[in-house]
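What Swiss-Prot says about this protein:
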type     : residues : note
SIGNAL   : 1-19     : signal peptide
CARBOHYD : 32       : N-linked glycosylation site
DOMAIN   : 46-172   : domain 'SCP'
CARBOHYD : 147      : N-linked glycosylation site
DISULFID : 192-199  : disulfide bond
DISULFID : 195-204  : disulfide bond
DISULFID : 208-241  : disulfide bond
DOMAIN   : 208-241  : domain 'ShKT'
CARBOHYD : 213      : N-linked glycosylation site
DISULFID : 217-235  : disulfide bond
DISULFID : 226-239  : disulfide bond
């Protein structure tokens, strides 16, 4: 069975009374949000890792994330197009297929607040069961804390023709939100229980550079060994990353 992704976006709006006489200041703020700046990259990565290590319930197999240049190029290209919808998969693929979170606002929100807004969907989420109410979005949260994601990068653009003219795009590699375990984005347990000897400040460091193309690779591997060329090609993470998080 091929893996299927669930994608969502989020928006934030300030009232008109707070939008007056701020254009020049906001242009400067937008420059300070540029993810070409090392300090901004560090803010984004540190915020993600801080949130990943403080999930509730605690997780045993969440990887530490790092910045990825190729993912940044893809995220910034999509932000620059100002198309307020998710990019096609081929536009967010590096050596891995990447997930995507989107955020739109009528003001230049800080990266930390954008990522926090995604994470705050956890308030409407019950681990293992899903949203507390019908129609509530939780997919941004589950992507932020997806266990096997270990590369992250983001881009931002000003889109003057859009009602919400600030467009934020983050790519997560490999992507999460797979149908089948959408509401279990990580394994519940004590931090790093799944990665003994490969732990840094509560997050695992034994990432896998490959990914599986099928959701049942674990079962297939038990039935047919990785000596089978088709299994080896379609289930590369299961075959080559036995002691790594994937």
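The backbone N, Cα and C atoms fix where each Cβ goes, glycine too.
On a predicted model such as this, the values are computed, not experimentally measured, just so you know.
Here residue 213 (N-linked glycosylation site) is compared against the disulfide-bonded residues 192, 204, 226, 235, and the shortest C-alpha distance is to 235. Applying an 8 A CB threshold to same-chain residues 6+ apart, the list for residue 239 (disulfide bond) reads 221, 226, 231, 232. According to DSSP, residue 239 (disulfide bond) sits within a helical segment. Residues near residue 32 (N-linked glycosylation site) in space but far in sequence (CB under 8 A, at least 6 apart, same chain), listed by position: 40. Using a 10 Å Cα-Cα cut-off from residue 147 (N-linked glycosylation site), the disulfide-bonded residues that qualify among 204, 217, 235 are 204. DSSP assigns residue 217 (disulfide bond) to a helical segment in the three-state reduction. Each residue contributes its Cα atom, and for residue 217 (disulfide bond) and residue 241 (disulfide bond) those atoms are 12 Å apart.
Of the listed disulfide-bonded residues 192, 204, 235, 241, the Cβ environment within 10 Å is emptiest of other Cβ atoms at 241. Under DSSP, residue 32 (N-linked glycosylation site) is assigned to a helix (H, G or I) in the three-state scheme. Sequence-distant neighbours of residue 208 (disulfide bond): residues of the same chain at least 6 apart with a C-beta under 8 Å from its C-beta are 148, 237, 240, 241, 244, 245, 246. Just so you know, the Cβ of residue 213 (N-linked glycosylation site) picks up 13 other Cβ atoms within 10 Å once every protein chain is counted.
Each residue contributes its Cα atom, and for residue 204 (disulfide bond) and residue 192 (disulfide bond) those atoms are 6 Å apart. In this structure, residue 147 (N-linked glycosylation site) belongs to neither helix nor strand by DSSP; it is coil.
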